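The structure appears below as structure tokens.
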């Protein structure tokens with residue numbers, strides 16, 4: 001069970017949510033109604049809330065809410081009520097949680113019909129008194145209903161369907177990622193614009209506003225192509241603009257992140273860049289075939305790509321006339337001038353007069 005007090009990124013997914021509000025003076029009925037309203041999106045079916053007294057004289061409220069669809073949130077403050085922050089847990093055994101709540105309540109409120117945890121198929125097939133062996137569909141339905149995390153889901157599959165787990169692990173990992181998606185951590189720019197003091201040409205500033213800084217996915221973006229010498233700071237500048245996918249040497253679609261603003265293709269020869277038209281053209285949806293992986297649909301939301309190339313691997317020199325026409329129509333082309341840099345040179349200390 002995952003507590004909201006963890007320092008790790010918070011994630012909660014469960015149809016049975018157990019909440020504890022320390023030192024909360026509100027009535028169980030009032031708290032129950034507030035929790036019921038908070039969970040309205042997932043269709044509440046049952047709630048019980050009780051006040052408990054501790055030996056030190058303090059009181060707390062315990063609540064169990066059951067919903068038709070699993071409550072899903074990455075906001076650790078989602079269940080906060082009037083400044084009172086609860087401990088949030090997935091009630092793996094709602095029967096035991098309900099027994100605990102109703103043990104010695106000072107006040108209690110209940111609404112709806114309690115749903116006991118369904119008897120799990122897991123491990124029952126080996127018992128001699130089992131009515132019949134459950135089907136794989138029944139086993140997977142049971143696992144999906146009870147799993148509360150990616151790790152628990154995969155562990156239950158491994159225990160219940162060992163052969164399928166060993167031969168189809170990739171598919172189970174895919175479904176686990178869909179059921180329990182990773183939490184997007186807060187983006188910390190590894191290349192802030194002030195370290196070093198980065199700068200760019202005025203014409204590129206005009207490109208930045210509509211294509212990077214404006215989150216209008218209804219209009220089709222334009223990409224940016226920069227060609228010039230090495231060690232000029234163009235990669236550092238490109239990576240300073242915000243959250244992005246970064247590819248060097250090859251385009252690895254298995255690491256593609258949809259929650260980005262733009263893509264960067266850095267020092268990859270034209271002939272080794274698959275789907276270059278889709279990237280340059282900021283196409284909204286297309287299918288790619290990652291190496292050693294299954295085909296996947298990429299939904300770009302018209303995401304621009306910044307292509308960085310050194311002069312000796314200029315993409316435009318490798319293109320056919322038709323390819324170059326498409327490239328120029330969908331991409332701003334910027335050729336660096338001799339001696340041009342993407343950062344301000346450090347100030348030299350004043351020299352002492354002799």
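Keep in mind that glycine also has a Cβ here, set from the backbone N, Cα and C atoms.
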Check each of the ranges 92-95, 96-99, 100-103 against Swiss-Prot and return the one annotated as motif 'RCR-3'.
100-103
Identity of the divalent metal cation-site residue among 41, 62 (reference: 52, 104, source: Swiss-Prot):
62
Looking at 213-231, 232-250, 251-269, 270-288, which one does Swiss-Prot call region 'Transactivation'?
251-269
Which of these ranges is annotated region 'Oligomerization' in Swiss-Prot: 175-187, 188-200, 292-304, 305-317?
175-187
Through the lens of DSSP with three states only, how would you label residue 230 (ATP binding site)?
coil
Among 52, 62, 104, these being the binding-site residues, pick the one whose CA is nearest to that of residue 233 (ATP binding site).
62
Tell me, by DSSP, whether residue 52 (divalent metal cation binding site) is helix, strand or coil?
strand
Which bits of the chain, at least 6 residues beyond where the motif 'RCR-3' (100-103) starts or stops, bring a Cβ under 8 A of a Cβ in it?
48-50, 62-64
